[in-house]
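Worksheet: one structure, shown below.
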């Protein structure tokens with residue numbers, strides 16, 4: 001109880017914008033928040049924090065960002081964050097996978113990309129508006145929907161998704177480096193890209209935003225080179241779309257993959273707007289995020305879908321299919337660039353490989369913040385230490401998964417889409433129906449378990465959402481009974497995220513109504 005009181009006392013001081021140390025420089029006080037936990041920390045942690053302050057590493061964890069620390073006044077910072085994070089090879093890969101994995105034609109693949117990305121990115125843009133409004137990270141905000149204890153379950157799912165997604169992304173980068181130099185082992189490429197990512201994410205919010213602000217420019221130039229080179233080859237083929245029940249199953253399953261990638265940043269959206277001023281118009285924040293993420297996903301995924309059609313030339317006997325078989329996405333891009341632009345093509349592939357850094361920085365930065373929600377003991381470990389440990393874990397997953405990239409990426413995109421649909425079902429129902437918008441939050445309760453919802457309704461609704469997901473999912477290892485009806489045997493079609501959302505939202509509405517009557521909070 002004493003620890004909780006201390007934390008609450010510090011939290012209230014932060015909300016009033018009180019300077020926690022009169023001897024601290026103004027620019028450091030905007031990034032560093034003293035608390036009793038820091039003052040009584042072990043000697044080792046004290047040394048780490050001291051070193052971090054000297055290096056200007058962001059030390060703020062999940063504490064609320066006070067108004068006087070909201071120094072990020074650029075709307076372009078919001079747009080460029082999602083522009084750089086999605087103008088990357090993994091986005092391009094999602095477009096490519098439609099043809100070899102699902103047998104999708106170009107036109108139907110393009111329609112899936114347009115519609116399911118629009119659906120998936122809406123929640124990323126919406127929850128980005130919560131950062132300026134409340135100054136709280138996404139997982140901390142989730143306490144207002146899932147309660148003090150229930151959010152720990154959500155944090156575990158977010159942790160698994162962030163680590164898994166980072167592992168899948170980095171495999172793509174390693175494949176690109178392997179296409180440049182076939183003698184370079186996959187594990188070496190993985191470590192190179194992971195170290196570059198760690199260097200950026202280690203320093204925190206300001207450095208991550210600064211990197212994303214500029215890093216998209218060389219990547220965009222390279223993608224335009226890829227686009228122009230491929231268009232010049234004339235090897236695009238308008239693979240016809242399918243018909244009947246088989247086409248429905250393919251579209252639903254591929255759509256689940258596209259949705260999973262598009263909605264993937266929902267559970268960390270507010271993390272990258274918490275330093276925006278609290279008086280930011282929500283519509284402008286939403287639009288800034290939308291203009292950064294949605295057009296970027298359309299460009300990269302449609303380009304990938306177009307290039308994938310070339311793998312059907314001569315019944316699959318062509319340089320594109322051969323490159324894809326040998327080095328995955330890196331081999332496909334190499335087949336387009338290397339024969340036409342030579343050594344410059346290798347340079348382009350290296351730039352694309354390093355674009356993974358922009359994709360993984362948000363994941364790894366937010367993994368550390370997610371870990372800090374799991375318990376008060378995790379908050380005693382500095383954020384940058386969790387960033388290092390998270391990087392080690394996803395590298396350990398990526399190295400053995402290098403040879404199974406397509407399966408790794410598809411499975412993780414489905415997993416992300418599934419669990420985030422359930423998360424969104426609960427969060428949106430609470431926000432719009434029970435809190436009735438932003439005015440229904442008392443932000444001072446963010447760290448007070450007795451004032452937050454009990455979380456019982458949210459946890460049970462989350463379980464109901466998982467049941468809906470299981471009934472509708474279509475994977476090689478499991479096809480739900482409803483999923484079987486959405487397409488031909490044996491795989492049907494994937495309805496996992498749709499049913500997960502509906503089951504979670506409906507059950508939460510019923511259970512939360514009862515919970516409010518019983519607990520009055």
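In case you wondered, yes, glycine gets a Cβ from its N, Cα and C as well.
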Item to check | Given ranges 61-79, 80-98, the stretch to which TrEMBL attaches the annotation transmembrane segment | outcome: 80-98
Item to check | From 42-60, 213-231, the residue range that TrEMBL assigns the feature transmembrane segment | outcome: 213-231
Item to check | Stated TrEMBL location of transmembrane segment, expressed as one of 315-334, 415-434 | outcome: 415-434
Next on the checklist: Would you say the transmembrane segment (286-308) and the transmembrane segment (415-434) are in contact under the rule of three or more C-beta pairs closer than 8 Å, pairs 6 or more apart in sequence?
Outcome noted: no
Next on the checklist: Is the transmembrane segment (455-475) in contact with the transmembrane segment (286-308), using at least 3 Cβ pairs under 8 Å (sequence separation of 6 or more) as the test?
Outcome noted: no
Checklist entry - Mind checking which residues reach the transmembrane segment (455-475)? Cβ under 8 Å, same chain, six or more beyond either end. => result 145-151, 153-154, 249, 252-253, 256, 411, 414, 418-419, 421-423, 425-426, 430, 481-484, 486-487, 491-508, 511-512, 514-515
Checklist entry - Considering only Cβ pairs under 8 Å, which range in 184-204, 343-372, 384-403 makes the most contacts with the transmembrane segment (251-274)? => result 343-372
Item to check | Contact call for the transmembrane segment (384-403) and the transmembrane segment (110-134): at least 3 Cβ pairs under 8 Å, seq gap 6+ | outcome: no
